[in-house]
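Engineer: Following this message is one structure expressed as C-alpha cells.
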Amino acid sequence: MIQMTGYEKNERRRLFALGCLLGAAVFFLLYGLSPLDVTNDAWLRGGYIEADIQQHYAGWMFYRQSELSIPFCFSDRINWPFGLSVAFTDSIPLFAALFRLLEPFLPSVFQYFGLFTLLCFVLQGGFACLLVGLFSRRTPIVLLGAVPFVFSPVLLERAFRHTALAAQFLILAALYYYIRGRREGRFFYPGLFAVNCLTLAIHPYFAPMTYALTFALFVEHAVFHKQFAKPAALLAANLGCTALVGWLFGLFSGGSASGGSGVQYGHFCMNLNALWNPVSRGMGKWSLFLSAQNQTLGNYDGFNYLGLGMLLCSVAVVIVVLRWHRSSILKCLKNRFGLLFVVLCLTVFAVSNVITANGAVLARIPLPQFVIQLATTLRSSGRLFWPVYYLIFTCCVAALIRLTRYQKQWVQTAVIGVLCLVQLVDLSPALLEKAGSFRPYSDAGSNLLSQTDSSLAALLDATEGRYQHLVALGPLKTTGLSLALYTADEKMTSSDTSFTARYDEAQAQQRQEEFVQAITEGAMPQDCIFFTEQEETFLAVAQAAQDQGAWCGVLYQRTGDETRFPLVYVIAPGLEEFTHPLAMEFSENYPLHLANYSDDFWDHGILSLNLESIGRQEDANRVVLFYDTPFTRQKLEGATALSDGEGGVYPILEVSDQDAGWLMVTLEIDDAHCLYNESGQCKDLEVLS
C-alpha cells in the first residue's frame, strides 16, 4: 500500500483550494450575488427555469413551521394528517435540518438554495482539481483541466432547477477515490466513506452512483490483492451508516415508490443521442454549433450533452488509442474490469428497457412486473449515466495530458486550452442565458397567484384566515405548487401530495375518499377548503357541499390567445359569495362536459376507435361519454337533446348506464367531435327537455 508524503498532502490541499476558488468564480460569473441573498425568494416563487424549484422551497417552508423531531426533516404539515419527509420535496435534507435547528435566529423569509448551489460549484471545482491532479503535477494544467468539469452541462442544467442534483461533486469525489485506491492499493478512505453516507442527506439518486464506483474499487481490490473479508466488512459498515443517515434525515418516513409522477421506469430514460443532443428542459439553446435533435417520452430528464469540445476530444482520443495504443488500452480495460462492469450496468440502466433514438421508440423490452416496480424507485434513469459522463470527461483530459506529457509545458497548456476554448464557445449560448437569468430576475410566470387577473388569487384573498387546512380531492397537477406556497405562507396544513416526489398512494386515495364521503353525508369540515382538478369529483359532491353552506364553483385561467380553460374546482365552506370574471358558481344551470377519457375505443369521450372489433361501426362518433355523477344523472333525466350553445342542437336517442361509473349517450349527430372547440376543450353543453 502506497502512502502519500507530507509534500503530496500539502500539494493536494493547495490544488483543492485553487479548485474551490475556480468553482466559486464560475458561480459568480454565471449567477452573480442575487441567489445568495437569503431573504430574496422571488426567483423561487416565480419558478426559475421551471416550477420544480417551488416544490423545494415549499417543502422547506412547511418544515420550518413543524415541530423538531428525530428523524429530522419530517413535517406533519405536508400530506396532512399523516405527514411526510421533506426529503420527498427535494428540499436538501442536510440543509433543511441544519437551518431548522437555527430557526429561532432566521429572518421570516429565508432560503438556502443559493448557498447550497454555491457550495456545489465550490466543491465541484475542488474535486475536479484533485481528479485532474492525479494525472499532472503542473498547476496551470490542472486548473485548465478542471474547467470543463465546473462548466459541465449536466451541472449547469440541474443548478436551480433540481437544486439538490447539483451536488455532482459527490461523483467526482468517488471517481477520485477510485483512481487513488487503484494506484495506492487501498480500498478504505474516510473521505469515500463520508461521500457515500452524505448522498442520502442530499439526494438519494447519488447513492447508486457513488456506490457503483465504490463497488468497482472493492471488486478489483479483492481480486488483485486477495483480500475480501476486511473490504467486505468495511463496505457493509458503509452501507449500514448510509442507511442510518437515510433514516436520520427522514428518507424512510412516509415515502413510497407507489406515488409520485405517475410514470414508471423507462419513461425518463436516456435517448441514444443524448451525448450529442443539446436539448434540455427550460433552456433555449445549449450549443452554438450543433442543432437540436428530436426526443421522446421523458428524454429531457436524461440530458447528458457532452459539449463539442468533449465530443471532438473523445473521438480523437479513441482514434489515437486504437491506432497506436491498442495493446495498452486492452490491458488497462482488463485491469479495470470492475469499473467496466459498473459502466456497462449504469449505461444499460440509464437507457432502460424502453430504447429510444431521436423521436422514436426502437424497442420495449418486456421485464417482470416486480423488476419494473423495483427500478421505478429510480425512475429518472437517465441520471444514472452521470458517473459514466464524468468518467468520459476524466478520460479525455487524462488522455490529452498523457499524450503531451513529454512536450514543453506551453504545448501541453495550449492543447488543454484549446479543449476548454472549444467547449466554452460551444456552450456560450447556454452560459449567456444563465448569466442573464438573475440580472435582474424576471418572474417566469409559473406561480399562478402572481399572474394578472388571477381568479385563484382572488378567491384565496377572499378566504384569507378562514381555514386551517387545504384538502385536495385529487391530484393538483396544475395548481399544486402555487397552492403549496400559499398554504405554507398562511401556516396552513395541506393534504395535497402532488408536489411531492414520493408518497403512499393508497393512503392518499383513502384519505380523499373519506373527505368525499364526509361531504356527501353532510359532515363537511368547516375548517378545510377543498380543491380538485377533476370535474367529475367536483360534481359528485358540489350539491351536497352547497347545501351545507359552501361556495362551490370552477375557476378559469386565460391563455395567451384569451381562451379560457378550467383551472381548478373549489369548495369553500362558509364563503357566502364570490364573484370574478374568471369564476363560475355551481348551480342548476352549470353546463355538462364530456368525460375526457380515451382508450382503444374512446377518443376524449367519443366512441370512435376500432369499432369493427366490437361490431359497433354504426355508433361511430355518435355515442358520447359522461361521468356518472348525481348532477349529470339529474340533468340527463328526461332530456331530449343537447345544445352546444353555438346553435347546434343534437337529439338524444338513448342514455345508458350499463357500465358502472359512466353514462353513455347516443346522439343524432354526424360527428360528436364538433362538441369540442378549436383549443381542444369540450364546449359548455346544455340539456333541452
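From the backbone N, Cα and C atoms, a Cβ is placed for every residue, glycine too.
Not measured: the values here are computed from a predicted model.
Per TrEMBL, the features are:
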TRANSMEM  15-34  transmembrane segment
DOMAIN    20-428  domain 'DUF6311'
TRANSMEM  82-102  transmembrane segment
TRANSMEM  109-133  transmembrane segment
TRANSMEM  139-156  transmembrane segment
TRANSMEM  163-179  transmembrane segment
TRANSMEM  191-219  transmembrane segment
TRANSMEM  231-252  transmembrane segment
TRANSMEM  305-325  transmembrane segment
TRANSMEM  337-364  transmembrane segment
TRANSMEM  384-403  transmembrane segment
TRANSMEM  410-432  transmembrane segment
DOMAIN    462-555  domain 'DUF6311'
Engineer: Please work out whether the transmembrane segment (410-432) lies in contact with the transmembrane segment (305-325), by counting C-beta pairs under 8 angstroms that are 6 or more apart in sequence and asking whether there are at least 3.
Structural biologist: yes
Engineer: Do the transmembrane segment (305-325) and the transmembrane segment (139-156) share at least 3 Cβ pairs closer than 8 Å, excluding pairs fewer than 6 residues apart in sequence?
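Structural biologist: In this chain the transmembrane segment (305-325) contacts the transmembrane segment (139-156) - 3 or more Cβ pairs sit under 8 Å.
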Engineer: So how many of the residues in the domain 'DUF6311' (462-555) end up helix, strand or coil by DSSP?
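Structural biologist: Tallied per class, the domain 'DUF6311' (462-555) gives 40 helix, 18 strand, 36 coil.
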Engineer: Pairs 6 or more apart in sequence, C-beta under 8 angstroms, 3 or more of them: is that satisfied by the transmembrane segment (163-179) and the transmembrane segment (82-102)?
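Structural biologist: Contact between the transmembrane segment (163-179) and the transmembrane segment (82-102): present.
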Engineer: Verify whether three or more Cβ pairs under 8 angstroms connect the transmembrane segment (82-102) with the transmembrane segment (231-252), leaving out any pair fewer than 6 apart in sequence.
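Structural biologist: They do touch: at least three Cβ pairs between the two stretches lie under 8 Å.
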Engineer: Take the C-beta pairs under 8 A between the transmembrane segment (15-34) and each of 109-133, 139-156, 191-219, 337-364. Which stretch has the highest count?
Structural biologist: 109-133
Engineer: Taking residues 6+ outside the transmembrane segment (337-364), which of them lie with a CB under 8 Å of any CB in it?
Structural biologist: 178, 209, 212-213, 215-220, 223, 265-267, 269-273, 293-297, 299, 302, 375, 378, 381-385, 387-388, 391
Engineer: Grab the pLDDT values for the domain 'DUF6311' (462-555) and give me their mean, rounded.
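Structural biologist: Per the prediction, mean pLDDT sits at 93 for the domain 'DUF6311' (462-555).
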Engineer: Who are the long-range neighbours of the transmembrane segment (82-102) in its own chain, taking Cβ under 8 Å and residues 6 or more past its ends?
Structural biologist: 52, 55-60, 62-64, 68, 71-76, 110, 112-113, 115-116, 162-164, 198, 200-204, 249-251, 253-255, 497, 499-504, 507, 511
